[in-house]
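For Cys242-Cys253, Cys290-Cys303, Cys331-Cys344, Cys346-Cys359, Cys365-Cys376, Cys428-Cys441, Cys447-Cys458, Cys469-Cys482, Cys488-Cys499, Cys529-Cys540, Cys536-Cys549, Cys633-Cys646 (among others), the entry in Swiss-Prot reads disulfide bond, with the evidence type sequence analysis. Look at Swiss-Prot and you will find 57-232 tagged as domain 'VWFA 1', backed by sequence analysis. The annotation domain 'EGF-like 1' is assigned in Swiss-Prot to 238-278. As annotated by Swiss-Prot, domain 'EGF-like 3' applies to 320-360, with the evidence given as sequence analysis. If you look up Swiss-Prot, you'll see 607-647 marked as domain 'EGF-like 10'.
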Amino acid sequence: MEKMLAGCFLLILGQIVLLPAEARERSRGRSISRGRHARTHPQTALLESSCENKRADLVFIIDSSRSVNTHDYAKVKEFIVDILQFLDIGPDVTRVGLLQYGSTVKNEFSLKTFKRKSEVERAVKRMRHLSTGTMTGLAIQYALNIAFSEAEGARPLRENVPRVIMIVTDGRPQDSVAEVAAKARDTGILIFAIGVGQVDFNTLKSIGSEPHEDHVFLVANFSQIETLTSVFQKKLCTAHMCSTLEHNCAHFCINIPGSYVCRCKQGYILNSDQTTCRIQDLCAMEDHNCEQLCVNVPGSFVCQCYSGYALAEDGKRCVAVDYCASENHGCEHECVNADGSYLCQCHEGFALNPDKKTCTKIDYCASSNHGCQHECVNTDDSYSCHCLKGFTLNPDKKTCRRINYCALNKPGCEHECVNMEESYYCRCHRGYTLDPNGKTCSRVDHCAQQDHGCEQLCLNTEDSFVCQCSEGFLINEDLKTCSRVDYCLLSDHGCEYSCVNMDRSFACQCPEGHVLRSDGKTCAKLDSCALGDHGCEHSCVSSEDSFVCQCFEGYILREDGKTCRRKDVCQAIDHGCEHICVNSDDSYTCECLEGFRLAEDGKRCRRKDVCKSTHHGCEHICVNNGNSYICKCSEGFVLAEDGRRCKKCTEGPIDLVFVIDGSKSLGEENFEVVKQFVTGIIDSLTISPKAARVGLLQYSTQVHTEFTLRNFNSAKDMKKAVAHMKYMGKGSMTGLALKHMFERSFTQGEGARPLSTRVPRAAIVFTDGRAQDDVSEWASKAKANGITMYAVGVGKAIEEELQEIASEPTNKHLFYAEDFSTMDEISEKLKKGICEALEDSDGRQDSPAGELPKTVQQPTESEPVTINIQDLLSCSNFAVQHRYLFEEDNLLRSTQKLSHSTKPSGSPLEEKHDQCKCENLIMFQNLANEEVRKLTQRLEEMTQRMEALENRLRYR
């Protein structure tokens, strides 16, 4: 009876009183409810305006437990539909999700599911009653972890979009709600808690946000829930201050009607400034009395123990854990306490099973460390090793060796004895056969056994025979008959007059009155020693068109180049000079080569920093280069004609296409060098649609357009494209690439300017070897159509092909280097040539359309200068008996380095006189030796190629 009275009292109280702050709203709602018989939804008359452009993430959590009957469940759905009427629903305004819960949580739709209000209304009306338990805490946890995740459509916290939960429940939860609700509120979620009927009001307050009078509501039954519609319209449509003001909250900003409050994350407390947060350390603040460890938990603390200890009943002290004392350890043999746990051990002769509890007798052979090579046999307390048939056990009692019947029986095999499983047999080497006695061997004579058909020689091989020809003959295609070798016809003999076949090669011959020079190809008149009064004291030696005097052994030539004196001290003793020994009367001094200086011991040499030790005269950058130096210019500049000053490349227009060899002979490492070479050329140009336009082709067995003339308007983007260029690494179809360049690259469709604009057109073709197709046709067409062709060859590039590609004059358009180490020098020369062409094109008004104007007149290129050193002038005790060919500019640079550029304005003739100085002759000899070394290396390469060609011809 008392329970019935209490129930009636609570029902009446719930019908009369909600919360003080909402009394007027509920009173207004009740008056509306009394008029419900006149209209289906009279509360909609209160919706004077919707929450237009209001941004919010709203999730309804609906109690769908068995205590809610079908009629009440329908009332809840009507209430939700009424709330939806004043919301501005859409992806950029209010997003709506809905969960209903009983014993489990069902996600009806998430925040990202629907984009229109009509879709949400249909989904609400289709909901089915779960009719199970009341797991309110589980539903709030689901909303916190999943419903408000960005994956489900919630907007990031940094956007300050309000997150709102509206939860409707009619009974006491079957799980804990206070802790999970507090956690949700701490993350910034605003919770409205609506209780219907006999709901514990304290439970509602533990769910809803503060102040409770604005966020916690209690109605008597589900028929009265719709009276709250206008209340929520006012609360949901109020401006969210967190998104409109600079709130300065350190962790979370929580919207409250007309204002906001700051909240901290779990484990933090709000400072007195009501915006910043600090960690809440209750272990430090209170006398916790924990014996070992104190651990902070949200709003409190707990005591914990170290590993191997357990917390006593008082929750403060710690006692050691005896894990083995418990009867459920399960160890079959022995239990041993360990740190924080226990472990099982087995008696001797047993091993612990994988379950770590039971034991099994040890199978010694089953363990992987018994060491038996063939077979392991268990014994009572150990094991023993056995060998397979045909093997015997070694002294280590584990490994086995094969029984060597050949060694035991001494069978007398002439070549090889082969062991079998239980015996042996004799075997002969390849090309031999076993005699009937089964022991000795005889060579197989294939030439005698069959009609070999060789015209000249038959040669036995291991398995057969081959025909060979006598010296001076080549084997024919039938591999049997022979033809005499015409060496003069097979090779580019290079003889000046006539070529004569020899037994193994050819020889050049000269007409009467001439003799063959040392190159073995060109001819010279009879030696000067026989024709004139040479005046040599000891002996005269002809040297091509001249002669040199030589001295007998033990003597050296004097400075006059004719008379002799005894050998110098440098040759007579072990002088110890690292570089050069120079005679000085009856003694000697040590000197160093150019680029080095003498060490303190007077014998060893140390390398100079040429750029620091000389007045190099470089306007921008000096770079050490072996025993000398070279000048370089900063980006956007090119080296002037004097090799020292720098000048800015003109900004004139040009259409330039690179044709780059990407064949496998180049290699990936050298391909990177070529990319740097291209980047250096680009740096010297002004890249823009009105100035320089640049395209790039890479070719191998196919041609790939890396970028066209129209692709890039800046050097930065262009260089980035060059850096990302992938190496093709196949064949070398240079002719195909030239065809592609001629037919496509200079078309207006790919960015070339019309011929009528008279913009110069140029192509830089880079290759490192012989092309697999013809290059002349398309190179000729390109040049005939006004495209200036620059040819750059490295390594095995063929000079004839480079000449076919390059425009005239070739000394300005053809560049060759033996390896990639000199690519910088080629780059500087090429940039200089292109810049000169641009300067020239700027100054010419009537040049033919599409033709790159010829460069302005420059100082004539250095001609090869032949220097015959017949006497030593002022250089004592030094003799040069060879003739070398060098370019004049190399010699000039050498003397300029030696003189430290003290006379930069001097004429070349004045500088030539300095070549006769002793140190310059030493430099000259060093340069000559280097050139001879390079020529020798190239000669060796040509010899190897000739030998390969002869081998192919021999077996063709």
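The backbone N, Cα and C atoms fix where each Cβ goes, glycine too.
Per-site Cβ counts within 10 Å over the disulfide-bonded residues Cys365, Cys536, Cys540, Cys549 peak at Cys549. Outside the domain 'EGF-like 3' (320-360), and at least 6 residues removed from its termini, the chain residues within Cβ reach (under 8 Å) are 307-310, 381. Nearest neighbour of Cys529 (disulfide bond) by Cα distance, taken over the disulfide-bonded residues Cys344, Cys458, Cys469, Cys488, Cys646: Cys488. The separation of Cys376 (disulfide bond) from Cys447 (disulfide bond), Cα to Cα, is 57 Å. Across the structure, Cys331 (disulfide bond) and Cys290 (disulfide bond) are spaced 34 Å apart at their Cα atoms.
A C-beta separation below 8 Å, combined with a sequence spacing of at least six in one chain, links Cys458 (disulfide bond) to Cys447, His452, Phe465, Val466, Cys467, Gln468. Across the domain 'VWFA 1' (57-232), the model assigns an average pLDDT of 92. Secondary structure by DSSP for the domain 'EGF-like 3' (320-360): 3 helix, 16 strand, 22 coil. On a Cα basis, Cys469 (disulfide bond) lies 30 Å away from Cys441 (disulfide bond).
For Cys303 (disulfide bond), the number of other Cβ atoms no farther than 10 Å from its own Cβ, over all displayed protein chains, is 20.
Take the Cα of Cys549 (disulfide bond) and measure to each of the disulfide-bonded residues Cys303, Cys359, Cys488, Cys633: the nearest one is Cys488. One residue stands out among the disulfide-bonded residues Cys331, Cys447, Cys499, Cys529, Cys633 for having the most other Cβ atoms within 10 Å of its Cβ: Cys633. If you take the C-beta of Cys482 (disulfide bond) and look for same-chain residues 6 or more apart in sequence within under 8 angstroms, you find Glu455, Gln456, Cys469, Ser470, Phe473, Leu474, Ile475, Asn476.
Neighbour density around each Cβ, counted as other Cβ atoms within 10 Å, peaks among the disulfide-bonded residues Cys253, Cys346, Cys646 at Cys253. Across the structure, Cys242 (disulfide bond) and Cys303 (disulfide bond) are spaced 39 Å apart at their Cα atoms.
Cα-Cα distances to Cys359 (disulfide bond) place none of the disulfide-bonded residues Cys253, Cys365, Cys376, Cys499 within 10 Å.
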